[in-house]
Amino acid sequence: MYYPFVRKALFQLDPERAHEFTFQQLRRITGTPLEALVRQKVPTKPVTCMGLTFKNPLGLAAGLDKDGECIDALDAMGFGSLEIGTVTPRPQPGNDKPRLFRLVDAEGLINRMGFNNLGVDNLVENVKKAHFDGILGINIGKNKDTPVENGKDDYLICMEKVYAYAGYIAINISSPNTLGLRTLQYGDALDDLLTAIKNKQNDLQAIHHKYVPVAVKIAPDLCEEELIQVADSLLRHNIDGVIATNTTLDRSLVQGMKNCQQTGGLSGRPLQLKSTEIIRRLSQELKGQLPIIGVGGIDSVIAAREKIAAGATLVQIYSGFIFKGPPLIKEIVTHI
């Protein structure tokens, strides 16, 4: 397969430049016959989750296509679902560069992107142009300059704008790169947010005559007590699913490696065991009442199977896709 050669060339570039170059090429082919260049035939293995039927259990995690620019090209690669975003009500540049770093030996990435995106209105226009007929998740967050205490307003604005176009909506309260965001995972702040989101979901269902499930994306750095509280809140508020997990602040498995001290969230293989353990504990707490979408360090069929064995119904990849390319999609979907 050609990807090892592509990767070698891309890895000569700064990580964000490599990302921009790749998306420049994908934008050129998305929605055109040139999509055949990236198309892969993968088996159909339907999975039902959150009341939706997914073509196969492997999805693209949020963060790669933040603005929904390359939906059709990514679909052609064989994903069972795509999660675009994180998107915010207003456009924002994100944190200062450099803000994306490779840990090549560990097959990990550290990012402190900070929800750089062109805003929810732009994303909706891109979704309208796409021909994608699969399950599209839209991951939403708050603007950096919105005070945390007003954060729920940003989520409600985004929900209203994406509801008609989303297969499901993902609530990102677990990125470590927006100051104070993770505090929304705890106690009264979480309850207030989930109450507002559930009320908005019910209102939008009445307006649009369709029910769009909501999943909450959580961090891997929750302690036991916090995890129990989160599980309890999700169940009490009848949230439809949970995405476990986002990136970690833990550097214990990458000590001494180049870039290991960079600020930001660590993803890829060093996150694999930590995220799987969170899924296992979450599954025990949820007792099958709420589906889990497993994400974090999946870079092989075995890693995907481990997430499912721990309690995930669906799995997603991001960093593994950067390091292994489209062949990883076919490999996982075929053998999972």
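Placed from the backbone N, Cα and C atoms, the Cβ positions cover glycine too.
Database features (Swiss-Prot):
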{"type": "BINDING", "residues": "A62, G63, L64, D65, K66, T86, N139, N172, K217, T245, G268, G297, Y318, S319", "note": "FMN binding site"}
{"type": "BINDING", "residues": "K66, N111, R112, M113, G114, F115, N172, N177, N246, T247", "note": "substrate binding site"}
{"type": "ACT_SITE", "residues": "S175", "note": "active site, nucleophile"}
Recorded positions clustered about G114 (substrate binding site) [Cα within 10 Å; pool: L64, K66, S175, K217, G268]: S175
Most Cβ neighbours inside 10 Å, all chains, among the binding-site residues A62, L64: A62
Neighbours of N139 (FMN binding site) among the recorded positions R112, N172, S175, N246 (Cα to Cα, within 10 Å): N172
Residue pair K217 (FMN binding site), N246 (substrate binding site) - Cα distance, angstrom, rounded: 7
Cα-to-Cα gap, S175 (active site, nucleophile) vs N246 (substrate binding site), nearest whole Å: 7
Rounded Cα separation (Å) that holds between N172 (substrate binding site) and G268 (FMN binding site): 19
Spatial separation of N246 (substrate binding site) from Y318 (FMN binding site) - C-alpha basis, Å: 11
